[in-house]
Amino acid sequence: MKLFAAEQIYAADKFTIEKQQITSDALMEQAAIQIFNWMHLRMQGAPVKIHLFCGIGNNGGDGMALARHLQEHGYNIGVHVVNYSEKRSKDFLINLDRLKDRKIWPNFIDSNCEFPEIHKDDIIVDAIFGIGLNREPSDWVVNLIDHLHKSEAFVLSVDIPSGLYTDKISTNEKAIVKANYVLSFQAPKLIFFLPDTGIYIGQWEVLDIGLDPEYLSATEVEYEIIGKNEVLPMYKPREKYTHKGTYGHSLLIGGSYGKIGASILATKASLKIGSGLATAYVPKCGYIPLQTAVPEAMVLTNSEEYIADISYKIEPNAIGVGVGLGTEKETVDAFSKFLDSNKLPLVVDADGLNILSENKKLLKKLPENSILTPHPKELERLIGVWKGDFDKLKKAKAFSKKYTCVLIIKGANTITLFNGKVYINTTGNPGMATAGTGDVLTGVITGLMAQGYDSLSAAIFGVYLHGRAGDMVVEQVGYQSLMASDILEALGDAYIDLFKVPEQAPPQQEQQQEEG
Ligand SMILES: NC(=O)C1=CN([C@@H]2O[C@H](COP(=O)(O)OP(=O)(O)OC[C@H]3O[C@@H](n4cnc5c(N)ncnc54)[C@H](O)[C@@H]3O)[C@@H](O)[C@H]2O)[C@@H](O)CC1
Ligand SMILES: Nc1ncnc2c1ncn2[C@@H]1O[C@H](COP(=O)(O)OP(=O)(O)O)[C@@H](O)[C@H]1O
Ligand SMILES: [K+]
């Protein structure tokens, strides 16, 4: 799914208004009706007090229009205009008049006013700022936001939590509304998926407000979120008259004394994801553990406790290097020598990345389209420290461009970057924050490349399947007990799940379930 920049949303807005020959307030009305329907379906006329805090721009306009619909359906509302500027938008004013026509007199709040009392069982609709925020809110608005938080009432934010910019990090975290739920118009926003800003969003949902679909599909974007719909077209089915040679040979280079488990996990993952053959290249101390733990794999050994040379006579189709590798001087030299002769794009993880960070000149030896899979600390060693997520993305993009590599930034919402584009994964959960899950990912991606997936597809699809396996297995084992081996076991389920159509309960039924 595409993630649009604020300017692209404004442009789509303008295009839709012209094409459909409607007024901008008609579009606002559509947006407000969508929010109203969402609330009405869930609240069914419940007499809960709803406080609507509306700014003076179009986000506030949405709030005013929503207030009118709520009032018409008998809801118990309080409308507060957060009067932070004299420059009120045209559609805000139209909706303010429509409220007044219905004898609803909003309470105007400015720097000198007392804030309204809010009970913790009330509902707050946050329509203070939307995607138009362009400077830090005044102190009294920050105080108001603090007042909203102190009430502990449920916060429903319109479009985005007020106080978040769409393209930079706020300097004042107190100026940002913490939303329990965000109803976002037309498409989710990038900030929902980044660690610095995602913390302000409990849950989110997209409401279709009718922006022109053709315009949106023709609009090129930098950011995309990856779910089942995006990965399904990548899937390569298995044909009847094929054999193990058809599905490639994965080579996993890594392991050192005390870290042989990493090689076991990665090697096993490459087979589990469908590689026809797999070879583990490990120091001799890994021979018996590997042959025992993964009888399906072949094992090549070198040296005793860590790898001191990388040479082999096999012809792998994909190579993953780095898990449990260690950073001994001889290992570094072996890796460097290996890079001189190797032509295959690599999957580099863990100590492979640490060696690259310590010896940046080696980066130039990476074949084009290699995949680097750093977690945030490894990324920092590669690209240096960053100031906030947007700076991180900028630096990561520049790095991926400079070395023509696919960069996978692991974490909640793992981000894959390549060729100036950014793909944000939607699977995975905090249960996966546990030893060895990254090793499994390395094996998964290597195994996909062995089967002929190009680097970018292997990265995006691998990250998706790895996270999906984590999501499926966490339902059985729980967050705390999830271990990397559990993800391995669930990889098959993640494949099968690709072809399951989600069961959608009709709204009526959904309602009954919620009540029951
Ligand atoms: N195409 C869409 O997605 C639609 C968007 N709509 C709404 O329109 C919103 C955007 O509206 P606006 O562009 O009017 O902007 P906002 O309502 O987000 O911001 C309010 C206005 O205040 C000014 N401002 C920004 N930061 C300020 C600050 N710190 N202190 C004082 N004033 C400040 C800005 O210049 C802006 O015009 C969206 O978030 C959404 O809620 C809807 O009305 C329907 C259509
Ligand atoms: N909070 C989280 N939510 C979703 N996925 C997570 C979370 N924490 C970690 N992960 C995933 O788990 C894996 C951890 O990899 P890594 O840090 O390299 O672990 P290790 O080195 O122990 O194998 C990555 O794929 C990452 O995306
Ligand atoms: K808002």
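Keep in mind that glycine also has a Cβ here, set from the backbone N, Cα and C atoms.
Quick look at what TrEMBL annotates:
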BINDING   58-62, 130-136, Asp159, Ala262, Gly324, His375, Asp439  (6S)-NADPHX binding site
BINDING   Asn59, Asp126, Ser162  K(+) binding site
BINDING   Lys410, Gly411, Ala412, Asn413, Thr414, Gly438  AMP binding site
DOMAIN    9-217  domain 'YjeF N-terminal'
DOMAIN    227-498  domain 'YjeF C-terminal'
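Sequence features annotated in TrEMBL and their locations in the structure.
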residue: Asn58; record: (6S)-NADPHX binding site; DSSP (3 states): helix
residue: Asp126; record: K(+) binding site; DSSP (3 states): strand
residue: Ile131; record: (6S)-NADPHX binding site; DSSP (3 states): coil
residue: Ser162; record: K(+) binding site; DSSP (3 states): coil
residue: His375; record: (6S)-NADPHX binding site; DSSP (3 states): coil
residue: Lys410; record: AMP binding site; DSSP (3 states): coil
residue: Gly438; record: AMP binding site; DSSP (3 states): helix
Query - Rounded inter-Cα distance in Å - Thr414 (AMP binding site), Asp126 (K(+) binding site) - result: 29
Query raised in the report: Apart from Lys410, Gly411, Ala412, Asn413, Thr414, Gly438, which residues in this chain have a Cβ no more than 8 Å from the mean position of the Cβ atoms of those residues at the AMP site?
Result: His375, Ile409, Ile415, Asn425, Gly428
Query raised in the report: Should any of the binding-site residues Asn59, Asn134, His375 have a Cα within 10 Å of the Cα of Gly438 (AMP binding site), which are they?
Result: His375
Report summary line: Sorting the binding-site residues His375, Lys410, Ala412, Thr414 by sequence and keeping only those with a Cβ under 6 Å from ligand 1 gives none
Query raised in the report: Listing them in sequence order, which of the binding-site residues Asn134, Asp159, Lys410, Gly411, Ala412, Asn413 have their Cα within 10 Å of that of Asp126 (K(+) binding site)?
Result: Asp159
Requested in this report: Among the binding-site residues Asn59, Gly61, Asp126, Asn134, name every one whose Cβ is found under 6 angstroms from ligand 2, counting any of its atoms.
Outcome: none
Query raised in the report: Listed binding-site residues are Asn59, Ser162, Lys410, Gly411, Ala412, Asn413; which of them have CA atoms within 10 A of the CA of Ile131 ((6S)-NADPHX binding site)?
Result: Asn59, Ser162
Query raised in the report: How big is the gap, in Å, between the Cα of Ala412 (AMP binding site) and that of His375 ((6S)-NADPHX binding site), rounded to a whole number?
Result: 10
Query raised in the report: Across the record's AMP-binding residues Lys410, Gly411, Ala412, Asn413, Thr414, Gly438, the largest CA-CA distance in angstrom?
Result: 14
Query raised in the report: Among Asn58, Ile131, Asn134, Lys410, Ala412, Gly438, the binding-site residues in the record, which have a C-beta under 6 A from ligand 3?
Result: none
**Report entry** Cβ packing number for His375 ((6S)-NADPHX binding site), 10 Å threshold
**Finding:** 18
Query raised in the report: How long is the line from the C-alpha of Asn59 (K(+) binding site) to the C-alpha of Lys410 (AMP binding site), rounded to the nearest angstrom?
Result: 34
Requested in this report: Go through Ile131, Ala412, our binding-site residues, and report the one whose Cβ sees the most other Cβ atoms within 10 Å.
Outcome: Ile131
Query raised in the report: Of Asn58, Gly61, Asn134, Asp159, Ser162, His375, which binding-site residues come within 10 Å of Gly411 (AMP binding site), going by C-alpha to C-alpha distance?
Result: His375
Query raised in the report: C-alpha of Ser162 (K(+) binding site) to C-alpha of Asn134 ((6S)-NADPHX binding site): distance in Å?
Result: 12
